There are 2 protein chains.
Amino acid sequence: MSDSVVPPPAQPPVKLETPQQFREFIDQFDTFLFDCDGVLWSGSQQIPHVGEVLNYLRDLGKSLIFVTNNSTASRQSYVPKFEKLGLSVDPSEVFPSSYSAACYISTVLQIPTGSKLFVIGESGITSELTDLGYIVLGGDNEEDRRAWHDEEYDAIVPDGDVKAVVVGLDRHINYAKLARGYHHLQVPGCHFIATNTDATYPSSRKLFPGAGSILAPLELMVGRKAVSCGKPHPAMMDAIEGVRGVDRARTCMVGDRLDTDVKFGVDSGLGGTLAVLTGVVKEEEIVSGRFGVWSKYYAESLGELIKAKQQ
Amino acid sequence: MSDSVVPPPAQPPVKLETPQQFREFIDQFDTFLFDCDGVLWSGSQQIPHVGEVLNYLRDLGKSLIFVTNNSTASRQSYVPKFEKLGLSVDPSEVFPSSYSAACYISTVLQIPTGSKLFVIGESGITSELTDLGYIVLGGDNEEDRRAWHDEEYDAIVPDGDVKAVVVGLDRHINYAKLARGYHHLQVPGCHFIATNTDATYPSSRKLFPGAGSILAPLELMVGRKAVSCGKPHPAMMDAIEGVRGVDRARTCMVGDRLDTDVKFGVDSGLGGTLAVLTGVVKEEEIVSGRFGVWSKYYAESLGELIKAKQQ
């Protein structure tokens, strides 16, 4: 990621404003991927008209997928959050990075169910992997959260049956988990998977260590990068495609960040990207292609799409 | 660190073999810095004649300093290790990275004693800082080692009185320590200090996460590098100079690694470097300047210096 100069695309980002523009935009796509915070809601408030827009798109037969880098939750545990904000959602429409990692392991890497996986992470990733039939070592197991005595570390040895080390945000990270992850990664062929690489994690209007910060020691020790299954990495799109069979040319990513959401759409070869101004990105950053990332479209808000219903 | 081509120095590394060569080598220096493992001992065995060589150098009035990146021990706690291997040593001759960080904070940064420092590390760094009169938060405090409940993290706030965050190897690392370190580093002017940046830490013939791996999440989150007070970083030499007042032109670093020991001597502007073949580095790496690092001298073993006594 850098601010180095990237030439603008032949067609600069188009601002959608009229009912006609919104109708033509919607007609191009069968599937819409949505970032959540800053797109559907801001803090604890639904962004105006978003609920109507989502229902309108569903009525038109569009597929909706809500993609989030949060790995601490599973699909099922995300539903109450939507409902609290007045948004109806089906668990099958939610695609957190915990599920993305599980799908990538299952459908892209095709690691057989019943295999052992070593997890550094919380209940979201543990439950998604267990639901798919994997044997999870580590994860949110209470025994693995306790403080170890110094003399116990020497007993750590690689387990040749561990097919992947899977790393997400773990607020119970400890030295033993890092050491065990490192030793398992010494086994030839052991895959190295991350739910996402965000350095920080927002909570209660403050920042805390994110999945990328839990991952950093392991990447440093083993001298290689994990495959990240979160935005902006295209492996997340491979995972979505593996379970949902989308047509990328007729799929649009909607987000409030150029460096994660829009970059994810561009790098995944999607037919479209829509940046909205209800979150992080500012209009001047969109038109100047900040981070060298150019969205195809932008709009004031996802709620504006309701204009498409006007005659 | 890379293997990119660096031109050899005008004078390639000189292999010391004859009594005359060893005498001329010794005469050039007043102070010798020694790496320990692979130079003084290998595993649990003293390298032959090393005890005699150290006593011979002391008899000649040379200053000896044993520099190690191990931050878990203090100077005092290192003495029994030397004695067990049949080597006499004075605590004032030992310079672990824990003490290096403490000296750097005290004599280079001149942070006043009585100031608060937040420590991620073990008893070595905690005791060295406490001995100098600092108030240590975190460190090897038992209370800071316990597992936290999720709801406790929200109470973490920056402390404006914390003058530095000091990071070393901590086998009781947890999420709260990382989050607290990150929040304290948001205070303008808060220094960011590491004992050393080794990714791994050897123990019981296996590798475990090192100080650099404990440091990696914080560096990622704050987007800047800590000042490292261990080899190969010259801040360690600044710390040594601050408390020992050495003449760099008449100081020689002796080590078994080009990428840490010899690089440390070269980058610190020392008058000489001596690589020995009793540890990691091989003769062909010395003569080819592996890592783009060239030692001034090399010898089969530190024990060979005893030849200087022959007439």
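Note: Cβ is positioned from N, Cα and C throughout, glycine not excepted.
The Mg(2+) site recorded in TrEMBL includes A:D35, A:D37, and the single candidate from A:D256, A:D259, A:D267 that the record places there is A:D256. In this structure, the C-alpha atom of A:D256 (Mg(2+) binding site) lies 12 angstrom from that of A:K231 (substrate binding site).
If you take the Cα of A:K231 (substrate binding site) and the Cα of A:D35 (Mg(2+) binding site), they are about 10 angstrom apart, rounded to a whole number. Neighbour count (other Cβ atoms within 10 Å of the Cβ, all protein chains): 25 for A:D35 (Mg(2+) binding site). In the shown protein chains, 30 other C-beta atoms lie within 10 A of the C-beta of A:K231 (substrate binding site). Sparsest Cβ environment among the binding-site residues A:D37, A:D256 (other Cβ atoms counted within 10 Å): A:D37.
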